[in-house]
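Features of the protein shown, as given by TrEMBL:
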{"type": "TRANSMEM", "residues": "12-32", "note": "transmembrane segment"}
{"type": "TRANSMEM", "residues": "44-66", "note": "transmembrane segment"}
{"type": "TRANSMEM", "residues": "73-91", "note": "transmembrane segment"}
{"type": "TRANSMEM", "residues": "97-118", "note": "transmembrane segment"}
{"type": "TRANSMEM", "residues": "130-151", "note": "transmembrane segment"}
{"type": "TRANSMEM", "residues": "206-227", "note": "transmembrane segment"}
{"type": "REGION", "residues": "251-272", "note": "region 'Disordered'"}
Amino acid sequence: ARFRRNLQPTLTYWSVFFSFGLCIAFLGPTLLDLRCQTQSSLSQITWVFFSQQFCLLLGSCLGGVFKRTLAQSLFALFASSLAISLVFAIIPLCHNVVVLAVVMAVAGLAMGCIDTISNMQLVKIYQKDSAVFLQALHFFVGFGALLSPLIADPFLSDTNCILSNSTANASSNLPHIRKSLVPHHPGNLSHYDLPMKGMVVTRVSYAFWIMALINLPVPIAVFFLLYKERMVPCFNGSSHPLLSADELAMETRPTEKEDLSTTVQRPHTAGG
């Protein structure tokens, strides 16, 4: 019964955590293509990981600031989910590794706020029964993290994405580099010669734009929740919403008592 009453907020928090998973898993598969896009070395492009994860830590701490009211929490979720969509759309335009690191830092802040606020709001709603709903929340993280590499895979470069004089040698090295980037079997990448200057040919931009479109319904869902809770200033009318049955009963009880007291007092006044 509580789930039915809070169906829209619960689905909204789940969808926001889907954004979290979508954003946390795309960086690894697209790392080599982003290196080509920014024309940087492998050691330089890996700083993007640090900027994202460090700002995720800061965002998790910052999310606790918005816990005082529901309006603050929902506005923070709306801004964070919208920021993730904008980050996906802006990444193809980042041709400098420093700019890319700054953009990923913004994404990390948004992810941290989403992580803290969504968990906190679900616990507030369901209290001692929140375990099942928190498990479902983290399922959507995994679903987003599964979908993100699948979207990026068709657009990854099979050969070197920077055309230069040493392209032929670097193209043959690229499959070995991808295998060396496996987390549990890291290899020495220093002996691979990857060009940093030349004409960039990569299609990874389409993957980011597709992920931006997939993520776009999430801030819209948060906005509708804000509208339902009548927290959007420009859409607040003068009319009040209809009362529920329980609230209507509470409102009518005092009036019945007042009517009863007035009927009791009327014979006394008439007799006097």
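Placement of Cβ uses the backbone N, Cα and C atoms for every residue, glycine included.
Contacts between the transmembrane segment (206-227) and the transmembrane segment (97-118): absent, as fewer than 3 C-beta pairs lie under 8 angstroms at sequence separation of six or more. Among 12-32, 73-91, 97-118, 130-151, 97-118 has the largest number of CB pairs under 8 A with the transmembrane segment (44-66).
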